[in-house]
């Protein structure tokens with residue numbers, strides 16, 4: 001790890017699957033960040049043991065323990081990979097001690113603005129707290145935004161299917177928050193008039209890769225322009241999530257005014273229906289390749305923090 005002044009020091013709260021994978025990613029590819037501390041609440045955590053073996057300062061006493069570590073004074077960034085409820089407390093505790101600390105929130109708490117790197121990171125480079133939405137949000141919001149920049153999207157519905165094995169206790173405890181946060185971000189970041197999110201935990205063996213289906217109802221538009229926009233956006237996501245890909249060609253259906261669809265809460269709809277199918281394969285840095293849902297979260301969080309850190313280092 002670098003010891004010069006060209007990198008910002010980061011701590012990770014949450015020593016589970018996401019936190020450990022994020023630590024490995026920062027160690028392998030961090031340009032403007034270095035990992036300085038790993039924080040957990042279970043002294044027997046595999047993530048804490050792994051961090052200690054790699055020379056990272058650790059504590060099993062939560063954010064209170066982090067504040068007592070000698071390295072805390074040097075930490076500029078904190079990634080929170082705990083739970084929505086815990087993040088609210090963690091942010092308040094740490095911000096009281098270090099008002100300028102940057103929080104990258106990987107829970108559905110959404111204290112700060114939603115951040116999807118390829119869509120709106122530039123607008124939030126100075127934000128003290130950014131929320132990475134959810135795995136389903138990171139995979140599908142870029143596709144909604146890709147269509148939104150071509151045609152007005154009235155309704156977006158996404159179905160995120162992930163392997164049961166990749167869903168740890170944190171994911172399972174936040175199912176309601178997942179659907180609520182993702183739905184809101186489909187509107188706020190993706191540009192949809194109304195958003196709906198569904199998550200499916202697939203128990204199949206061997207475990208399946210993350211699959212996401214995006215259904216969009218928009219005004220009539222040039223299909224070629226939509227296809228080009230979607231392909232361009234997918235390539236932009238691949239820059240930081242190499243395993244992200246369109247599973248098949250974009251599909252279109254015309255909804256004539258004479259035979260409109262009825263969307264609960266929206267009423268009758270006619271125009272263009274666009275269906276986009278995405279697959280996310282994990283990089284297998286720490287997690288298995290089928291856990292693309294976790295990989296896209298850690299990759300998006302790292303891409304966000306790296307851009308923020310670069311702006312601080314180069315200031």
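Each residue's number is its place along the chain shown, starting with 1.
Glycine is treated like the rest: Cβ placed from N, Cα and C.
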Listed co-binder of NAD(+) (same site as 15, 16, 17, 18, 166, 167, 168, 169, 170, 171, 172, 173, 174, source Swiss-Prot) among 293, 314
293
Nonlocal residues around residue 15 (NAD(+) binding site), in sequence order (Cβ under 8 Å, 6 or more apart):
38, 39, 40, 42, 45, 46, 47, 48, 51, 58
Binding-site residues (168, 170), the one with most neighbouring Cβ atoms at 10 Å
170
Given residue 135 (active site, acyl-thioester intermediate) and residue 174 (NAD(+) binding site), what distance in Å do their CA atoms have, once rounded to a whole number?
12
At a 10 Å cut-off from the C-beta of residue 166 (NAD(+) binding site), count the other C-beta atoms across all protein chains.
24
